[in-house]
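S.K.: A single structure is presented below for examination.
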Amino acid sequence: MFSRATIRPFLLAITWIPVLMTAREFVHVSQIKGKSMRPTLNPNDNSTDWVLVKLFRPRHRERNDIILFRAPSDPNVIYCKRIKGLSNDALYLDHKDMVANNKSQLTLVPNGHLWVEGDNTHSVDSRSFGPISDGLVLGKVLCVIWPPERWGTNLNRWVGRDILAPDTDAESN
Amino acid sequence: MTILKTTTTLLKCFCLLHQVHVHLYEFTQTRGESMLPTLSAQNDFVHVLKHKKLIHTVGGPRGLRIGDCIVLMKPHDSSQRVCKRITGLPGDIIEVDPSYDNDFDNSFIRVPKGHVWVTGDNLSYSLDSRSYSVVPMGLIIGKVVAANDFNKKWYQRDSITNKINFLGYRKIDNNYTDCK
């Protein structure tokens, strides 16, 4: 029924699967669901964005990078948020007006942890579950690749609220 | 043409090995005194199973259970890996340090969803959940199922069962019993 000549291409294709899986560890295409990163990603309800993700673990992280990480509450769920604070940063938890009235509290991100927030105010992020461990980070979002009219979107045009406390405050804290 | 063929075959073999190493199985050395009666402080190698279903689910026949020996990333330094034993699952109420005598110093916490409480077997010499609190399950790398002790002779005859034991191989069981 199956001659040798028909099976052989299939077997050859199967041997390439591990190579493809290894390639996927460097870059990966991923769909963004939900509106927590609005207006940067998923700006309207009509379409969902597909983004290119660099999964290869970068050793250094920068503020305002968009990252994918495993949710602390469920390891099978992956969140996409923006880094707002690196380890040992002092951050304001609340709005600037509260800061001006000295009503805001400062929080210190522990060593080896990151403070992540969605661009949308209504997002489940570090404001609800606290700083996340650096080991949960999976990758960094590089660019939007689908839909085509959103090619070349500047991901850092809107970087969320400004919550980083000046260094002097961090020292006094 | 033969060079090309050899290169692709080598590439495929390397990638296959890499995938097994990332997703299924790892054989690594452990160091440190924190698991002392179970794993020795040096020259001890562990067999780690890393399948997603084993380490990212709780309960069931294959998921995480209390008493499982796991390898996880340190919460405060993701480049370091530690080997600990699970002593609390999501929803359990944990006494932070039972070694305190008086009730006032003790605090109880409930392990949140998706987190585990881990402690080393050598409680007096272990940096674990008692100091860094609960650990998210996303940091778990794998489950330790067996170990080879290279401190021993490469083969040894067991005096009781009269079987030959190669390279100090032993299974690491989940010896937890619920004393209800």
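We number each residue from 1, going along the chain as drawn.
Note: Cβ is positioned from N, Cα and C throughout, glycine not excepted.
So TrEMBL has the following annotated:
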type	residues	note
SIGNAL	A:1-23	signal peptide
DOMAIN	A:15-103	domain 'Peptidase S26'
ACT_SITE	A:SER36	active site
ACT_SITE	A:LYS81	active site
DOMAIN	A:104-146	domain 'Peptidase S26'
S.K.: Give the number of CB atoms, excluding that of A:LYS81 (active site) itself, located within 10 Å of its CB.
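M.R.: Around A:LYS81 (active site), other Cβ atoms within 10 Å: 24.
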S.K.: Around A:SER36 (active site), how many other CB atoms lie within 10 A of its CB?
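M.R.: Result for A:SER36 (active site): 21 other Cβ atoms within 10 Å.
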